[in-house]
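Positions annotated as domain 'Acyl-CoA dehydrogenase/oxidase N-terminal' by TrEMBL: A:187-258. Taken from TrEMBL, the feature domain 'Acyl-CoA oxidase/dehydrogenase middle' covers A:266-375. Under the heading domain 'Acyl-CoA oxidase C-alpha1', TrEMBL lists A:411-560. Taken from TrEMBL, the feature domain 'Acyl-CoA oxidase C-terminal' covers A:610-750.
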Protein chains: 2
Amino acid sequence: MKNTKLQAFIPLFYIVWSDSLLTEKGFFTLHEFIDSQDWLSAEEKEFLFSKITIANPPSRQDITDWRNKIEEIIQNRPEIKSVFEVVVALSGDDEIIQGLEIAFVKLENDLGILGEEAISNFKSKAQSHTVNSHTEASFDVNKITAILDGAQAPIINKVKSVISRPEFQYETSTDIGVYRQKVLDWCKILADENLGNMAYPKKYGGGENIADYFSIMETLSYHDLSLVIKFGVQFGLWGMSVQSLGTEKHYVKYLKDIGALKLPGCFAMTETHHGSNVKGLETTATYNHENQTFVIHTPHEKAQKEYIGNAALHGQMATVFAKLIIAGQDHGVNAFVVPLRDENGVVLKGITIGDCGHKMGLNGVDNGTIRFDNVVIPKENMLDRFASVNDKGEFESPIPSDNRRFFTMLGTLVGGRIGIPRSALAAAKSGLAIAIKYSDQRKQFGPENGEEVPILNYRMHQRRLLIPLAKTYAIHFALQYLTKRFINKTEAEMQEIEALAAGLKSYSTWNTTATLQECREACGGKGYLSENRIDALKNDTEIYTTFEGDNTVLMQLVAKNRLAEFRKAFGEMGSLGIINYVYENAKSAIAEKNPVVIRKTDDEHLLDSQFHLQAFQHREKTILASAAKRIKKLVDSGLDAYDAFNVVQHQMIDVAEAYLDSVVLEQFQIAIEAVKDEKSKAILTKLNQLFALSQIEINKAWYLEDGYMEAVKTKAIRKMVNQLCWDIRPDAVALVDAFAIPDSCLAAPIVVGEK
Amino acid sequence: MKNTKLQAFIPLFYIVWSDSLLTEKGFFTLHEFIDSQDWLSAEEKEFLFSKITIANPPSRQDITDWRNKIEEIIQNRPEIKSVFEVVVALSGDDEIIQGLEIAFVKLENDLGILGEEAISNFKSKAQSHTVNSHTEASFDVNKITAILDGAQAPIINKVKSVISRPEFQYETSTDIGVYRQKVLDWCKILADENLGNMAYPKKYGGGENIADYFSIMETLSYHDLSLVIKFGVQFGLWGMSVQSLGTEKHYVKYLKDIGALKLPGCFAMTETHHGSNVKGLETTATYNHENQTFVIHTPHEKAQKEYIGNAALHGQMATVFAKLIIAGQDHGVNAFVVPLRDENGVVLKGITIGDCGHKMGLNGVDNGTIRFDNVVIPKENMLDRFASVNDKGEFESPIPSDNRRFFTMLGTLVGGRIGIPRSALAAAKSGLAIAIKYSDQRKQFGPENGEEVPILNYRMHQRRLLIPLAKTYAIHFALQYLTKRFINKTEAEMQEIEALAAGLKSYSTWNTTATLQECREACGGKGYLSENRIDALKNDTEIYTTFEGDNTVLMQLVAKNRLAEFRKAFGEMGSLGIINYVYENAKSAIAEKNPVVIRKTDDEHLLDSQFHLQAFQHREKTILASAAKRIKKLVDSGLDAYDAFNVVQHQMIDVAEAYLDSVVLEQFQIAIEAVKDEKSKAILTKLNQLFALSQIEINKAWYLEDGYMEAVKTKAIRKMVNQLCWDIRPDAVALVDAFAIPDSCLAAPIVVGEK
């Protein structure tokens, strides 16, 4: 092509021959376009036609030459962003060509060329060399740590300093007796440091600081998780049940000793036959007005209390949940303080303790069973904040419905559903720190005759670790938000916050299970050795998805809460309400769903936080409306609500997930908005983009079914996820360093050196 | 509607008002249709119009009446399959209406009504009552067991009877010393029963029956998995390395003692710094022609052998993989028999043993590290089937390239990649048996004021357990197929079989990890107690995804093998080859991709095995071509192959998965074809449908992106997966009973009663 202006066609030729599958139609379109350009002579047209004859493809050399020319232009003019700009440049800035922008862009569209992508392929070439990628932080690690810790930094640092002391060296004995004792000893140290009573009122010796309490739980979780659970059972479940369900007389009597670990206790709710369905508990508390006592009794073996932490060995008392019976009438489940052992640890008469024995994890916690054989307790042992027996021996409660009273009681215990997801978060961070640091050092395979390469340079390895890293960062901010909402809650917000806590408990703990699974596999055989701690992290947190509420059950609660909100907003869940909602949602989605947007794949759009949030929220709203519609249809067809909810159970989980995804994304975005340091902001923004796009990728079938995106866009998102992983990789080690986990806690020889 | 023929419109009114989201266009279409029917009078038209006025919706009672009428018709005439048949019936079989089939069907299509689905919604109503579902086998359990066991039934029964003996009671000590000794004792019993030497030639005391050997591995896996791995290390890895890599002189000397467990040994391949990349091993075997010896040496700490089973305590010898050096020249990795301990277990001079210590699982296996400090062994200790040192001290091999020779050696060891996935399969079966039986008994929640319901009746629970059950059955038959291919292999098939084994090893072990995760969560707190065995199953198999080849690395091997086959079939991987392939594939997909089929959602089609297989194969071929195209493009753009493969690593995993999905589905289908008993065939067919559709559901984003299915179809598939789960639920317990796992092995108190 000696004629310079003809070089304008090079990018089209190159793309049509190399970039995508050849279709006859594409060649025909290009042929027609050339034919219609009256500024070309007949010979010039013939020459151009000769380059796009399917029967006579260009040589390899031709294609290489074209590529080199395009590459040269793009490298010399980094400001170039579109194919047309390359066209103009190659034509030697020919004036005729410059006037043809509209026609060329139309041609690109007709050919289905993704201009920006084609250009960026040229630009990113140099970056795709596997061997060249290495750790190189783009930001100040301490600044990210400061953002993560926020106002809780002082207490976090205090806890870290305590658990870094020599006496907190990990217990390696496989003897559960030894381990349980060690965990109890550790708890005593924490109590002595005034960490256990942090949430209790100052009046009863506490720190009166709930925010600090949750930060203590989270930070302790960098250390042994049996310790965290034992700590949570004692100071959270046992102590907080007294505080939340009891009254002044109980506070005075118990709180100080609980906070000092002088009075170890249990939270005895779950029974063998009733876990998720706590309303069905069968233990009874029968009131005897004659002598003002309650008789606590286990009616049959399967009604025994089970999995109760502190029960097998150390607990001296328990908050026992039991059906209150007065004069033969059942007043529903209430809570009572029941002594289990004397001060010397001798089990009291009428109490039978069993040991849950060896568990998959958390073997430093003495879980046990408790049976009551007509155990008599004084009337004052009823935790009577929400219900009591009056002097006449009658049941009294400010809340008229037994059902509502019980759920109000449970609502006050929602703190556990904040502590657990935050503990899970810390475990995920530990796992990621170990796996990412190891993957940065571990080398395996390499280019032909070249050196071996860190396994973190491999794309699959990046996907497996960096997507969970992004999600873990996202969850961090969501849990900060949940904690703040909880601390500043008003009565009217309670239902929403309970649902949010239930949801984020599931969201965070499932993330931890999945993340630690990837971490284990990513560390290969080293990940299987107990010394590298993924064993303990994985097995200890395994039960997090079950306790404090089975995740699947909780997700249905969340979905039901969303449906209730939906009903509130649109009146009875009749057709019209749903139609209105759907219509409103559709209206707001019109701009997002136009034919250009559903196919839009340029980087700027794909990385745009507004696009992410709109996509998440559209999904959230549409799934919610669709589930509501389906349930209505099923109920209309004659099913009762219970059956209808079962039929759509799978969809209910989607409702909850979509809602939680939205919350997590939004809170991550809001947190980033507030960051002042530019470099910190930049890396957090990248993580947020990776979180958003990888979640969209997971749900891409939904977006395609809904018509919110077309295939060209979902494919571009997949590529962008890969690219973001690649871009974040040099920062990955710094990002886990920012968690600032003490070396003595991380402990894994594969990253902190041999013991 | 007193006028009977007007009742013909009831189904349309009902569907349009209740079934789907109202769109103005739909009402307009229906309005137009009515208007165009010249057999209707003006008054009749007005009456009908009045029923479809958006501003004036029908009452709840109207809709209920319509529904009842439709329901009555469908229940009275079970042969009815289409909406039009309902239309005719409601019109009192009016003759005019009967003549309007084409017009009505066109209308249905214009309205987007899924006729069959609408009908089946009416039919299945009675089945959707959560409380009514319960265990009720539709088939003879023993017949399915016989199909699963096939010709290996006798050896399977023998193994089951051995491991059911009292001396095989599980070890519950957490002391790894005690546990390791117990596992060794068990292995000795198995050796005495002539189970260990089953694969060795009769000439050397063996059973010469490889099929039986694999069945032994699989059946033993119902018992303790440390036992299986110890057994596999001794008789498989150690013994088979001698048999596969050695020659007559080694057989005579070692095989009988190995088979009798008189000579415990190790397979010392992996090093700290080289696991997946075994070509990079650094241990050296330096030949000394003077005294006809090799010097085995560990050049630095990270070149020590690691994770070696039998090394920490019991191994007396090891097959050591080391780079052979002759006169300063490196001849690549070869295998040598090296003594480690004397008969009394005393470690020999020059050998340093380390203990891998406590692991996440398999703590009955004594994994260790081995270092060699210039250990001298006689020349005859080289396992010299594929390479040797001749009398002149020169290297000799029938295979000219070091690289090819090494991979030929590795190829002979592929048996391990059959034993492991089969062991994993058995572990998945055990987990499913425990979780499904428990979920059938465990009750929680229920309808308002009703009894509680078995948790297996909940739809999410069904999805979580029955989809893995279907997949596990599918994998069973695929592994049977793999075993047969391996046993009857020809030289020409070896590469394919190696890839298949690598692939199915990953496929099966990942399935086990995922399945046991679901099982644990499905059993709640009970699943966390060690006594219920999911703990051990899960933690023991956790490393299966890593050893015998890291799954992700193996999947890339599989993908590379597929690409190589692809190149072979279409010549050099040039554009034309790819285009031809894509063209051929597209041609064969034309029938499947026509506008009717991509939207087809009737039950018959969705459950059709031909549809399943075509969908799987289309995906397999298309993904393969797409990966090939992408790699070519990257290489053309200047990347070297190593970098190009890294860029597409994620896609490579897809290539392998799609291939394996196809193989597994096809083999399951072939196996079912051969089943004679009708009831067995029926239930296996249902499992196969569930496997096929649930895999399509997992990959539905791909099918939507590809245009192979439209949203209406992928949504119908999701519903059908739910329906199949529901339909299989009454057979679920029988389906796990058919695994015929001895009660003493299953052991979990939650299903076989308290200990």
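Each Cβ is built from the backbone N, Cα and C atoms, and glycine gets one as well.
Counting residues per DSSP class in helix, strand and coil order gives 6 helix, 54 strand, 50 coil for the domain 'Acyl-CoA oxidase/dehydrogenase middle' (A:266-375).
Helix, strand and coil content of the domain 'Acyl-CoA dehydrogenase/oxidase N-terminal' (A:187-258), in residues and according to DSSP, is 52 helix, 0 strand, 20 coil. For the domain 'Acyl-CoA oxidase C-alpha1' (A:411-560), DSSP puts the residue distribution at 122 helix, 3 strand, 25 coil. In the predicted structure, the domain 'Acyl-CoA oxidase C-alpha1' (A:411-560) carries a mean pLDDT of 96. DSSP assignment over the domain 'Acyl-CoA oxidase C-terminal' (A:610-750) gives 120 helix, 0 strand, 21 coil.
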